[in-house]
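Copied from TrEMBL, the annotated features are:
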type	residues	note
REGION	1-221	region 'Disordered'
COMPBIAS	80-95	compositional bias 'Gly residues'
COMPBIAS	98-109	compositional bias 'Basic and acidic residues'
COMPBIAS	110-119	compositional bias 'Basic residues'
COMPBIAS	120-132	compositional bias 'Gly residues'
COMPBIAS	134-145	compositional bias 'Basic and acidic residues'
COMPBIAS	159-210	compositional bias 'Basic and acidic residues'
DOMAIN	253-299	domain 'F-box'
REPEAT	426-461	repeat 'WD'
């Protein structure tokens, strides 16, 4: 019997052994079964012989019968796709008949590839090899891939004959398939070598970067591969350059964008904050155009603590108005982060002032100057300067004309130059000096000895009293008018029916008194001028009162009551809508919108065991600072 049949051909005629399963005739199958091939000892098959015409034939004689003994594979092998073929049904086996099944599978692979139009031959199971597709093979399939490559030419030529094509055409297709398989192997080898080289570079960089890890882990993470830092730096420079370039007005778009900028400013000025924010998301040019301060100025004047006074004066011209409006929403909603700037061991009654990026605070009989860090929510621990001169605690101080004017419990007034060591102190009152103010080269002071005095700040006349005013009551607070024509005193309201009285600064005569319905003991602990004709006061009667001298001196224009009936030690205003007060219990700081009666927000800064009054508070457009008995607190509204 002639057994030269591969890929479904027998003596050059298709259909003798169908399906390419290499099934022998029934007579030969029965003979093999009868002789105990499946259960008997396996014979080592002789290698197949390839003829000149490309046909595979077994060796003659007994070797042919052994070559045809096909038994079940002991275990299946993995192909290039990792699939497993069933034993005895087209799946490659490991044993005596494994080479025959590999030839069959290679023939199926060639037919499958040509049906898809790829024209490539590869090794795999069930005609699904990936060697010709240029993909790296798994390590388990390397041996099968090599054997399939050897059997590929025979399978390809057999399929060409089956379709009636020429042997040369089949050979050309197989050559292209071999080239694809070789390219895939080269690519897989290159990837493996690239991974090894990358691992070597990473290991070397890790060893060389150990001494420099303290400089920052971010740079180490991005600097593992060569050239990454340079690429990132170049990208950052290009982005910064693009940001610096002025955005051009879009050539195409709605007719609204082609209007002159003056008309656009007029139209956009009627938009509210939300509409301007959405408009800024349309394009880069509109984002920059809507960031103009003129558009946000009207919105900022209606916002809380945006840096604009009631008269429209901009107190923070260096900060963009849009940024201030954004932060003002945190003040309105009460969103902030609390922190502690300074601590001290013993209980004190501190007072503080702000000037630029510096904070001045009194501790016992000293005044210390600290510099803010760039975030504004922390201080440099080392003070810039220490100003001393009082024998007892500093009760109050102000900053004026590069001087610190302080009032002490020893009855003295101290004058310190901020940028030098010049210090002068002189006796001003018999008892402790509770308050002091200075404007236009004039110093006014109030004391527990029921007097208020006027002093010059000129260097040649220091310590010379200009006027002594008998207030008939202890003076707790004092303030000079912005017009430098008068000053107001707040007393304990024990010897007079009105604790607020206005005096002429030049003559020392009483001009008027404010209010007439104060209960006894409703002393005024803090008073401040907001404008030449308006002022604010607070004290023991738990009210904040707003006075307008143009309307009436007998009754306040507006008043706000402390909800918990606590004494109000201090107050501060932004000159427009925001008002902040400090209470006597639990360090409560309250924010008020002067357009409303009710309190806007309350922030208790101490707990029950450490209950403390808020002796002094100051704020900027981004932070609020409160001085308590044991520490200095900050409320950060910029980064809540």
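Here the Cβ of each residue, glycine as well, is placed from N, Cα and C on the backbone.
Keep in mind it's a predicted model, so treat the numbers as computed, not measured.
Helix, strand and coil counts from DSSP across the repeat 'WD' (426-461) read 3 helix, 21 strand, 12 coil. Across the residues of the domain 'F-box' (253-299), the predicted structure has a mean pLDDT of 89. Residue counts for the domain 'F-box' (253-299) under DSSP, helix first, then strand, then coil, are 32 helix, 0 strand, 15 coil.
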